[in-house]
Structures are given as C-alpha cells and as structure tokens.
Amino acid sequence: MTRQTSVERSFLAKNPSVLWFILILALFTLGVTVLSEAYGVAFLSTSFVKTLGKTLCLCLVALAMDLIWGYAGILSLGHMAFFALGGYMLGMWLMYARTEEIVVAALAQGGLPATPEEIGQGIAVQIFGVVGASELPPIWVFAHSFWAQLALVVAVPGVLALVFGWLAFRSRVTGVYLSILTQAMTLALALYLFQNDSGLRGNNGLSGLQNMPGLAEVSQDRVSVWFFWASALALGLGYVLLAWVVSGKFGSVIRAIRDDEQRVRFLGYSVEGYKLFVFTLTAVIAAIAGALYYPQAGIINPAELAPIASIYLAVWVAIGGRGRLYGAVIGAAFVSLLSSWFTGGRAPSVPLGFYTINWVDWWLVLLGLSFVAVTLFAPKGIGGVFDLWQGVRAPDRKGAALGPDDGALMEKEAKE
Amino acid sequence: MSALLEVSGVSVTFDGFRAINNLSFSIGAQELRAIIGPNGAGKTTFMDIVTGKTRPDTGSVTFGERSVSLLSLSEAQIARAGVGRKFQRPTVFEDQTVAENLTMALKAHRAPWRVLFWKERPEDRTRVEALAQEVGLADHLPRKAGELSHGQKQWLEIGMLLAQEPRLLLVDEPAAGMTLAEREHTTALLVEMAKTRAVVVVEHDMEFVRRLNCKVTVLHEGAVLAEGSLDHVTKNQQVIEVYLGRG
C-alpha cells in the first residue's frame with residue numbers, strides 16, 4: 001500500500017512554493033545588485049533600489065498579516081503599528097549615534113576636549129530642540145547602544161502584542177470586534193506619539209535615518225544595496241519560517257481555529273493560547289520588517305501608525321490571496337509598487353474632454369474598486385491564478401490532496 | 001462501582017428560563033447510557049455544562065477518581081481531562097484532509113510550543129491509519145473532509161473522538177441523517193466503545209435507543225423524570241404523558 005498523506009511528506013516536498021520563492025528572490029536580488037549603481041551597471045537609481053528594498057520589507061509584514069488573518073482568521077488592523085514601533089526603536093539608535101558623531105566633531109573644533117556632559121547636552125539639544133526640549137527623555141536611556149535598541153525592536157512590539165492580545169483573547173473578543181479593538185490600539189498609539197512630550201519628537205518623528213553611524217564615508221549607493229540585501233535575507237528567512245509554521249500540525253490547528261474555534265476547544269486545544277502565540281509572533285515579524293524599512297525610508301513619524309496603513313496591509317493580502325504565503329508577497333509587492341507609480345505622478349493622466357482623470361487623486365478609488373472586485377469575484381486573489389496554472393499543468397491531481405495552503409475558506413469568511 | 005462523572009444538584013437559568021433544574025446524574029467508568037427527552041428538556045444544555053461551555057448557577061460536576069471539579073476548568077482543559085463531545089451535525093474541518101483532521105485529534109501534547117515542534121512518529125501514522133480503517137475512511141485519508149458525504153463526515157468525527165481517547169464520550173444524536181446500515185454500524189461501535197469508557201448518547205430515535213440496549217435516563221424540563229431500562233421507563237406513566245404520548 002503506497003498511500004500518501006500530506007502529513008507524511010517532508011517539509012520541502014510538501015511546500016514546493018518555498019524552493020520556488022527562494023529561487024526567485026535570489027535571482028531578483030542578484031539582478032538588482034547587477035543593475036545597481038554601486039555594484040553594477042548603474043541601470044537602477046539608488047532611490048529605486050531603496051524603493052525595492054522597502055517593498056521587500058512590506059512583503060515581509062504582509063507575510064505576517066497573512067499568517068494572522070489568512071491562516072488564523074484574526075483580522076488585525078494593528079500590525080502596521082508594530083511595524084512602525086520596530087522602526088522607531090532602531091531609529092532611536094540611528095539618530096542618537098549619528099547626532100553624537102556630529103556633536104563630537106563640532107565640539108572638537110572648539111580646541112578643548114569635550115566632556116561627556118557637554119556631548120550629552122549637545123545631542124539632546126540637537127535632537128529635541130525641535131520640540132523645545134533640551135534633555136533626553138528617559139525612554140532614550142538605551143539609545144546609545146545598538147544592541148540594546150536592536151533588542152527593543154523585538155521586545156517593545158512583542159510585549160505590547162502579548163499584553164494587548166492576552167487581554168483581548170482572554171475575553172474572547174473575536175471577529176469584527178477584535179478588528180475594531182486593534183484599530184483603536186493603533187490610533188491611540190499614533191495619537192500618543194503625535195504629542196511633543198511623548199519622547200519621540202512628536203509629529204516631527206525621527207529623521208535622517210538613512211545616514212548610517214560610522215559609515216559617513218560610504219555613499220548611499222552602497223548603503224542602499226546593503227539594506228536591500230538585508231531586506232531580501234529577512235524576507236527569505238521569514239518565508240521559510242512561516243512556511244514551516246503553517247505546514248505542520250500547528251498550521252493545522254490555527255486553520256481549524258479560523259474555521260471553527262469552538263470545535264478546536266473541544267479537541268483540547270487552548271484557542272486563546274494559540275491566538276496569542278500567533279499574534280505576538282506576527283507582531284515581532286512586523287517589527288523586524290519595520291526596523292529594516294525605515295532606515296531605507298529615512299524618516300518615520302506618527303502618521304505611519306495611522307489605522308489606514310494597517311488597512312492597506314489587509315488590502316494587499318486580500319488582493320494577493322489570503323491563506324497562501326506567496327499570495328501575500330505578490331499582493332504587497334504588486335499593489336505597493338503600483339501605488340507608488342500612480343501616486344508618484346508618473347502615471348499619465350486620462351483626458352476625458354469634460355474631465356481629466358488625475359491618478360494621484362484617483363488611485364485610491366481604483367484601489368478601492370479592485371479590493372471590492374477581488375472580494376466579490378476572485379476571493380482567492382492573485383494567488384488563485386496559480387491554482388488555474390496547476391490545474392492546467394497537472395489535471396490528474398484534481399481531487400487529490402491539495403496541500404495545506406489551498407482554499408482558505410473565503411466564502412465562509414465573506415459571509416461574516 | 002464509583003462514578004466517573006458525578007453531576008449533582010445542578011441548575012441553570014437563561015433569562016429567567018430554568019433550562020436545568022436541580023439535575024443529578026452519574027455514570028460509571030465503563031457504561032453506556034442513553035438520554036432521551038422531548039425538545040427543550042435540557043439535553044444539550046446538560047452536555048454544555050459537562051463540557052464547560054455553560055456554567056451552572058448552582059450544583060457541582062466532578063470527574064474521575066480524584067473527583068476533579070469541572071466547573072473551574074476551561075473547555076480545552078475539560079477536553080484534555082478526558083471528556084470528548086460529538087455534535088449533532090458533523091463538525092469536521094472541511095478545509096483539511098481526513099488525515100490532518102485525525103492527526104489534530106490524536107492524543108498528544110496540546111500546548112502551542114509543543115505542537116509547533118511536533119513531528120509525526122511512525123506510530124502516530126499507524127494510529128491514524130488504524131482509526132481511518134475503523135471508521136471506514138481508509139481510502140479517503142488524503143481527501144479534504146469537505147468532499148466527504150454527510151455520513152462519512154459523521155464517521156470522521158467519530159474517528160476524531162476515538163483519536164482523542166476520551167474517558168467519557170458525549171454523543172449528540174449520532175443516528176441523525178444516517179442510513180439503516182450506517183446506524184447498525186454506529187450502534188455496534190458505541191456498544192464496543194462503552195466497554196472501555198463511559199458513553200452518553202443523547203437521542204430522539206426510540207428504535208436506535210432500543211438497539212443500544214442500555215440504561216436510559218429520561219429528562220423533562222431540566223430534571224430527571226425516570227431512569228432504568230428502556231422497558232422500565234416506557235411503562236412509567238409520567239414518561240408516557242410527557243414524551244411518548246406525543247409520539
């Protein structure tokens with residue numbers, strides 16, 4: 001008897017998309033490197049390399065969103081808050097260390113060696129003069145240490161997600177109510193950060209993050225490619241990690257929670273524990289993506305935490321295809337690149353005679369309509385195209401085990 | 001014989017309606033019991049209380065040799081303590097294969113961390129195959145549960161319950177929507193299971209209950225009306241009035 005079940009086969013055999021994904025990502029990274037200004041034929045501008053690097057980070061946070069929404073069925077509208085918090089945590093170090101270099105250089109010109117107090121004072125005035133303060137707030141106590149801030153990239157969003165998730169899931173808040181709650185969390189956090197005395201420069205945010213401390217001699221051409229590599233590596237590792245998480249029994253349990261959580265409880269699984277685990281894990285992944293994104297963007301401010309950012313994230317995943325990891329990546333890459341093309345003013349306007357469609361204004365309408373169209377007519381999203389392709393390539397496999405990624409019960413979710 | 005499950009003096013009120021009224025019930029470790037009663041008698045609420053879905057206002061529910069109170073445990077903890085429940089309509093995870101459904105139900109560690117690093121051992125696989133064999137789904141392991149027929153889904157759910165290895169099994173209307181042959185198979189399976197564990201069957205169908213050939217508890221308005229063999233309770237005048245008379 002040679003019966004094969006999906007539980008038996010090895011990880012890679014069960015997830016052919018992982019190998020394909022890594023291969024395509026590697027080729028893409030190589031291609032961008034060869035075409036970059038710093039390491040190749042200078043076909044791609046540095047700013048475009050940065051855009052591509054940022055897009056990879058958005059793909060990573062979309063993967064996290066797919067795990068929590070597409071697999072576990074929790075529509076979180078707060079994951080971009082974790083993304084931004086990750087950016088803030090690394091940004092604090094970048095800004096502090098860079099300012100320190102400038103202050104030390106400036107004081108050195110005075111002739112006398114500067115005391116640590118003078119340097120500290122100088123940094124505080126440089127960073128916080130803009131909000132009328134001259135002392136570093138207590139939350140900057142670790143800002144001088146790269147490793148401490150790196151740990152905070154994971155710890156701050158992780159602990160926030162853990163506490164928030166514990167409170168929400170323990171009370172069995174589900175569905176739309178949970179979405180509203182996560183959105184409220186994002187909004188509250190954004191409003192808090194907008195205040196000047198929040199300790200993170202209010203609406204000015206953190207800036208100059210593209211300047212790497214200690215690398216003043218290195219041109220942005222090179223730095224941009226380094227960050228592109230780091231983003232590609234993080235995306236690749238994130239993909240493998242999440243593919244592993246969803247492929248085993250754990251993936252089975254969270255998909256079961258999505259489809260019928262009461263039944264999962266009667267199987268003896270603590271549904272709240274699983275939700276909390278997934279919520280926190282995805283928050284940490286989002287934070288890491290944010291920590292890689294903002295040095296490429298150069299600036300972060302509280303507007304990045306606006307609830308609309310998290311809604312965009314959900315739209316990307318929905319358009320790309322929930323419940324399959326590559327769908328999330330395709331959706332994030334496709335929609336965010338298209339979005340920057342349309343809003344960047346490069347899309348040609350459409351003159352209708354009586355009215356001219358200016359895409360900077362009309363892009364959101366187009367995006368909204370696409371979202372509605374995808375939800376109604378193609379609930380599998382762009383990723384569903386791969387099903388058609390597989391159906392054509394291997395018709396004899398129809399009705400057999402389709403693997404764990406296929407067919408996230410879209411219809412059922414759409415009814416809720 | 002000491003009781004495996006001991007429910008005593010339990011009452012539940014929903015918005016002024018007394019669904020369960022000072023109900024007492026006990027079942028031994030290897031016993032088959034049928035619960036019958038008209039609609040609204042509190043059969044489902046009784047199961048909800050035992051499985052932790054509903055908290056009673058008064059009374060106690062204890063389980064096992066050490067008489068652990070189930071009232072302070074969550075649904076998942078009660079399930080892990082050894083109480084399995086089969087719902088009226090088949091509730092399997094339609095988006096997943098038969099093998100995945102069974103694997104999820106297999107008795108094993110349930111904590112997220114342990115499940116994340118869980119690896120299938122050969123004996124797990126043998127067990128899944130044996131279970132599938134037992135419920136007649138051996139040829140359907142790689143199929144999605146959603147593709148199965150109604151009866152096959154019922155069987156899959158029974159297989160999942162067996163995989164959980166519960167000490168007490170609560171079964172809600174197992175015969176609903178089954179063909180005659182499937183009913184006979186179900187009867188045999190329930191009788192067989194009750195040799196090693198306690199099985200409580202809630203059923204409307206008198207014919208099916210007769211086939212089970214076990215002690216019967218009649219519920220009415222949230223309390224026990226009569227208890228004994230089927231012949232005994234069907235002779236009870238009160239039972240005839242409230243239940244059988246409507247026939």
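Cβ atoms are placed via backbone N, Cα and C, with glycine included.
Those TrEMBL annotations? Automatic predictions, nothing curated.
Given the structure is predicted, the values throughout are model-derived calculations rather than measurements.
Now, the feature entries from TrEMBL:
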- A:20-44: transmembrane segment (TRANSMEM)
- A:56-85: transmembrane segment (TRANSMEM)
- A:146-169: transmembrane segment (TRANSMEM)
- A:176-194: transmembrane segment (TRANSMEM)
- A:226-246: transmembrane segment (TRANSMEM)
- A:266-293: transmembrane segment (TRANSMEM)
- A:299-318: transmembrane segment (TRANSMEM)
- A:325-342: transmembrane segment (TRANSMEM)
- A:362-389: transmembrane segment (TRANSMEM)
For the transmembrane segment (A:266-293), what are the same-chain contacts with Cβ under 8 Å, counting residues 6+ beyond its ends?
53-54, 57-58, 60-61, 63-65, 67-68, 71-72, 74, 76, 79-80, 82-87, 89-90, 150, 153-154, 156-158, 160-162, 164-166, 169-170, 172, 227, 230-231, 234, 238, 242, 245, 253-254, 256-257
Sequence gap of 6 or more, Cβ distance under 8 Å, 3 or more pairs: do the transmembrane segment (A:325-342) and the transmembrane segment (A:176-194) meet that?
no
Answer yes if the transmembrane segment (A:176-194) and the transmembrane segment (A:226-246) have at least three CB pairs under 8 Å among residue pairs 6 or more apart in sequence, and no otherwise.
no
Select the range from A:20-44, A:146-169, A:299-318 that forms the most Cβ-Cβ pairs under 8 Å with the transmembrane segment (A:226-246).
A:20-44
